[in-house]
Amino acid sequence: MKFLAVLLAAGMLAFLGAVICIIASVPLAASPARALPGGTDNASAASAAGAPGPQRSLSALQGAGGSAGPSVLPGEPAASVFPPPPGPLLSRFLCTPLAAACPSGAEQGDAAGERAELLLLQSTAEQLRQTALQQEARIRADRDTIRELTGKLGRCESGLPRGLQDAGPRRDTMADGAWDSPALLVELENAVRALRDRIERIEQELPARGNLSSSAPAPAVPTALHSKMDELEGQLLAKVLALEKERAALSHGSHQQRQEVEKELDALQGRVAELEHGSSAYSPPDAFKVSIPIRNNYMYARVRKAVPELYAFTACMWLRSRSGGSGQGTPFSYSVPGQANEIVLLEAGLEPMELLINDKVAQLPLSLKDSNWHHICIAWTTRDGLWSAYQDGELRGSGENLAAWHPIKPHGILILGQEQDTLGGRFDATQAFVGDIAQFNLWDHALTPAQVLGIANCTGPLMGNVLPWEDKLVEAFGGAKKAAFDVCKRRAKA
């Protein structure tokens, strides 16, 4: 029984102790605002209440049991007898009250820092404003420079001859190299227009960049912009100078071209006058000539008769070249399917006259550079590839192994005045014949030297048994003309 009574008493004491602790801690949790201002720990709170921290804790424990008030030490003022002002009850067992933050001198320091920062921001804004004004002035100067350069470019473009600006594609001639310059001029104009468009886009972007510069603190932007503007100005000036040089070159080239055109027109007018005063009917049928007044790739004559397979041939004709010393071109060419150079008589540039058979070449010692009428005959046989060349009835050269044992293929196209790169076409102006052709005849055998001399002297005229020179068999194209002409009567008058 005593043991049970002791256990019961101990339990009650433990229960009372727990209740006292709970009651002592309730004011701290319920009223945190009662903490002393500026207190940061238990010792400072206890000293502000006028009692040491440990004694306050003990008195809190004793207050639940009705203990007496605080004792008065000798020598203390009487006022200390009175209870201290209400403050937070501290507990060393549960928690420590935290005092509310109170204003300190840091607030005054923060206010001074804000004022300094405001002054710094104002100073920075003023610097940015000055930078923006300087940039705007530079932009205006750049804009004036761009307008001035654009005006110069417009004056250069407007100063070009309209004929050069509107020059379109034309037919190929020996002077085609000079007419390639307008294409280069158009390319330069396109490049200048592209630069002008870029400059206009930059002008449109400049106001927006000027507005943004007031808020952007980077002075490198104007530097990059100015460097780009300087680069564009340099490119534009280079283009303008190149355009002026090209204009001067084109003016010189156009003057020369104009002289050549006038010369060609005079030649054409002479042909027209010759046709107007000539006979309208050819008598006999072979008394005509084919005239090609200028070197080009579109004037020629075509023989309207098929050529059979040949194992030998003789081609004779009267020629008068008007090309001077720049090469006589191609008096005639015969092409077949699969071989454009089946038979070609050609003189290109400063090279001697050549005879091509199946792309095999033999050089002929003939000369037509004096602008006079000459009688030319070429004879060839497939056996051993023997060939002979006659000028004005005289044998000038001979040889062998020219396309030996190769028969001339049939069903080809024979062209007077042009060299064929394909069957019946794709002429090259640099290889064209300029002058007059008459009495072109083709035989299927080699003529004797006596027969050739008789034809050249007009003492024994012969008509080709494969291709005779007849008006109905020869058709002119591209401006080539047929006119009345009798070479034997001309020689008789001379």
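Glycine residues also receive a Cβ, built from the backbone N, Cα and C atoms like all the rest.
According to Swiss-Prot, the feature region 'Disordered' maps to residues 37-80, out of the candidate ranges 37-80, 125-168.
Binding of Ca(2+) 1 is attributed by Swiss-Prot to E419, Q420, D421, and the same site annotation extends, among N341, N358, N372, to N341. The record in Swiss-Prot lists a disulphide bond between C377 and one of C316, C458, namely C316. Other residues of the chain with a Cβ within 8 Å of the Cβ centroid of E419, D421, Q431, the Ca(2+) 2 site, are T330, S333, V344, L346, Q418, Q420, R426, F427, D428, A432. Proximity of Q431 (Ca(2+) 2 binding site) to non-local residues of its own chain (separation of 6 or more, Cβ distance below 8 Å) is seen for G329, T330, L346, A348, Q418, E419, given in sequence order.
The Ca(2+) 1 site is defined by N341, E419, Q420, D421, and by the 8 Å test on Cβ atoms against their centroid, the other residues of the chain that qualify are T330, S333, S335, A340, V344, Q418, T422, R426, F427, D428, Q431. Long-range C-beta contacts of N341 (Ca(2+) 1 binding site), restricted to its own chain and to partners at least six residues apart, with a cutoff below 8 Å, comprise S333, S335, L356, N358, D359, Q420.
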